[in-house]
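Now, the feature entries from Swiss-Prot:
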{"type": "BINDING", "residues": "Asp43, Ser44, Asp82, Lys112", "note": "3-methyl-2-oxobutanoate binding site"}
{"type": "BINDING", "residues": "Asp43, Asp82, Glu114", "note": "Mg(2+) binding site"}
{"type": "ACT_SITE", "residues": "Glu181", "note": "active site, proton acceptor"}
Amino acid sequence: MKTKLDFVKMKENGEPIVMLTAYDYPQAKLAEQAGVDMILVGDSLGMVVLGLDSTVGVTVSDMIHHTKAVKRGAKNTFIVTDMPFMSYHLSKEDTLKNAAAIIQESGADALKLEGGDGVFESIRALTLGGIPVVSHLGLTPQSVGVLGGYKVQGKDEQSAKKLIEDSIKCEQAGAMMLVLECVPAELTAKIKEEVSIPVIGIGAGSKADGQVLVYHDVVGHGVDRTPKFVKQYAKIDGTIESALSGYVRDVKERVFPEEKHSFQINQTVLQGLYGGK
């Protein structure tokens with residue numbers, strides 16, 4: 001399994017880091033077999049798995065439950081788990097308690113925290129406590145209400161400078177890696193030069209040290225539409241629906257199960273069940 005130092009070396013050597021989300025055992029198993037470098041158990045599971053309207057309703061217990069499943073499916077892959085909405089904002093004590101629960105109970109290798117202002121101290125506290133932290137700046141879904149919707153961040157000079165400053169502060173606070181979401185490609189390239197930690201992009205251009213996408217977006221499963229920055233490599237929903245429809249049809253028409261799908265009983269035993277008749 002790759003470690004924090006391996007990811008730094010990959011950045012130094014110019015080798016792209018591949019991160020993908022996963023939320024259960026089979027997804028994680030396939031991701032590891034495909035050769036991803038890191039798996040993110042994102043709070044995006046609220047929308048793509050649990051059917052919620054946003055990530056806000058996801059709990060610490062949800063993250064622990066899904067990370068456990070992912071860990072079983074990808075024992076040799078570095079796993080990052082999101083700290084969900086308001087689990088690291090109330091107090092330092094609550095932050096450490098929630099983080100410890102996720103790490104100890106789920107087996108995650110690192111935790112991801114969204115935001116800059118108000119979060120630097122949490123990054124520092126977790127790092128000092130021995131928990132690796134991945135920072136997330138730009139479009140931060142947990143704060144989408146404050147940001148005014150799902151919009152590209154850092155498009156004007158003031159907000160661009162703020163993103164650069166916050167990226168540097170995240171590293172100074174101890175973050176091992178930085179995720180930039182929906183940020184102009186040129187700004188991503190600038191931030192990449194300003195920090196020594198790997199920068200992972202999602203809708204942040206090709207100059208980042210690596211990329212992350214949501215599993216369901218990549219394979220075309222359960223999503224009605226995908227963001228501009230997504231490249232969809234398959235559309236498995238059609239295949240799945242066809243298989244399920246075939247099953248329904250065969251049962252209704254009594255085509256399934258066939259004899260080869262059934263178990264047989266010895267005729268003598270069968271006669272005994274009917275009173276020897």
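Cβ coordinates come from backbone N, Cα and C, glycine included.
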CB-centroid shell, 8 A cutoff, 3-methyl-2-oxobutanoate site Asp43, Ser44, Asp82, Lys112, site residues removed: Leu40, Val41, Gly42, Leu45, Thr55, Val58, Met63, Thr81, Met83, Pro84, Glu114, Pro141
Rounded inter-Cα distance in Å - Glu181 (active site, proton acceptor), Ser44 (3-methyl-2-oxobutanoate binding site): 13
Whole-number Å value of the largest CA-CA distance among Asp43, Ser44, Asp82, Lys112, listed as 3-methyl-2-oxobutanoate-binding: 12
Cα-to-Cα gap, Glu114 (Mg(2+) binding site) vs Asp43 (3-methyl-2-oxobutanoate binding site), nearest whole Å: 11
Position of peak Cβ density within 10 Å, selected from the recorded positions Asp82, Glu114, Glu181: Asp82
Site with most surrounding Cβ atoms, counting all protein chains shown within 10 Å, from the binding-site residues Asp43, Ser44, Lys112: Asp43
